[in-house]
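Here's the structure we're looking at; comments come further down.
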Amino acid sequence: MIRNSKILMNKLKRIGLGQITSTNNKEDNFRKCKEMIEKAVENKVNLFCLPECFAFISGGIHQFESRDNAEYLDQKGGIIERYKDLAKQNNIWLSLGGFHEKILDDPNDMIYNTHLIIDSNGVIVCEYRKMHLFDVDIPSKGVKMNESKVVKGGNDLVVCDSPVGKLGLSICYDLRFPELYLSLRRMDAQILLVPSAFMKSTGEAHWKPLLQARAIENQTYVIAAAQTGDHHSKRSSYGHSMIIDPWGKVLHDLPDNLNDIAFVDIDLDYISTCRENIPVFNHKKLNNYKI
């Protein structure tokens with residue numbers, strides 16, 4: 001099933017997302033994502049977004065599995081080269097959210113969690129390395145993860161020009177830090193991309209309200225491609241990939257356990273309308289806030 005919303009069809013900017021259940025089988029993950037990209041192309045999507053861990057998710061074997069399966073961005077015959085070829089062959093832009101990137105000569109053998117934007121010529125035009133790492137222990141919810149054990153945090157904010165508008169890049173746990181998105185908005189972001197692999201317990205409580213808050217606060221579209229379902233016996237993701245407009249209206253909410261795509265046609269003028277109606281960025285007292 002393919003889901004479509006049309007908004008102000010006079011100026012088409014079509015953005016899509018895919019919701020998948022990745023595993024530690026890279027070839028199977030690539031096949032699923034390739035099929036989704038081809039569906040998106042059939043539906044004339046300009047930018048298609050995949051979730052965090054689209055290429056690989058740990059099989060629960062050991063804590064260094066993601067590191068051991070990481071690749072360099074320019075690795076010959078690597079997974080990113082294959083996605084670059086897909087983008088070029090299909091004349092589509094891709095948002096690849098959350099790729100395990102090897103770091104050349106890192107003394108601690110760390111990796112990055114990297115969000116890439118690939119243009120329709122198959123060229124990487126933007127790279128964002130996840131800034132906020134998921135180090136939490138919530139015994140009552142059965143949640144424990146120490147991402148910084150293998151992942152090195154990035155430091156740079158990234159806003160990327162694209163055919164659908166200015167994209168503000170982030171990954172998953174970044175969603176809990178509104179200062180990041182405020183900064184992206186101040187860098188003229190019009191669309192916030194939040195590829196994720198939220199756990200079920202935290203997703204049920206916080207996923208939707210956090211996404212809506214980021215859209216409303218910054219008066220931007222939010223495109224949140226998510227992992228869903230059981231990846232292995234010890235890890236499940238919440239799903240509910242969402243597309244939210246600058247007024248906070250949820251345009252798409254894909255059900256849990258559904259591997260599918262959704263897309264919307266947006267008009268960037270609607271962003272301007274929302275910002276003119278409630279000009280919060282003109283009213284902010286940034287010099288008064290100690291953040």
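Even glycines carry a Cβ here, placed using N, Cα and C.
Sequence annotations record features per position, and here Swiss-Prot assigns domain 'CN hydrolase' to 13-268 based on sequence analysis.
Listed in sequence order, GLY97, GLY98, ASN113, ILE171, CYS172, PRO195, SER196, ALA197, ALA226, GLN227 are the same-chain residues six or more apart from GLU52 (active site, proton acceptor) with CB atoms under 8 A from its CB. The active site, proton acceptor annotation in Swiss-Prot covers GLU52.
What Swiss-Prot lists as active site, proton donor is LYS130. Listed in sequence order, GLY98, TYR112, ASN113, THR114, HIS115, VAL151, GLY153, GLY154, SER170, ILE171, CYS172, TYR173, ASP174 are the same-chain residues six or more apart from LYS130 (active site, proton donor) with CB atoms under 8 A from its CB.
Annotation comment: Swiss-Prot describes CYS172 as active site, nucleophile. The local packing around CYS172 (active site, nucleophile), expressed as other Cβ atoms within 10 Å of its Cβ over all shown chains, amounts to 26. Under the DSSP three-state reduction, CYS172 (active site, nucleophile) is assigned to helix.
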Exercise. What average pLDDT does the predicted model assign to the domain 'CN hydrolase' (13-268)?
Worked result: 95
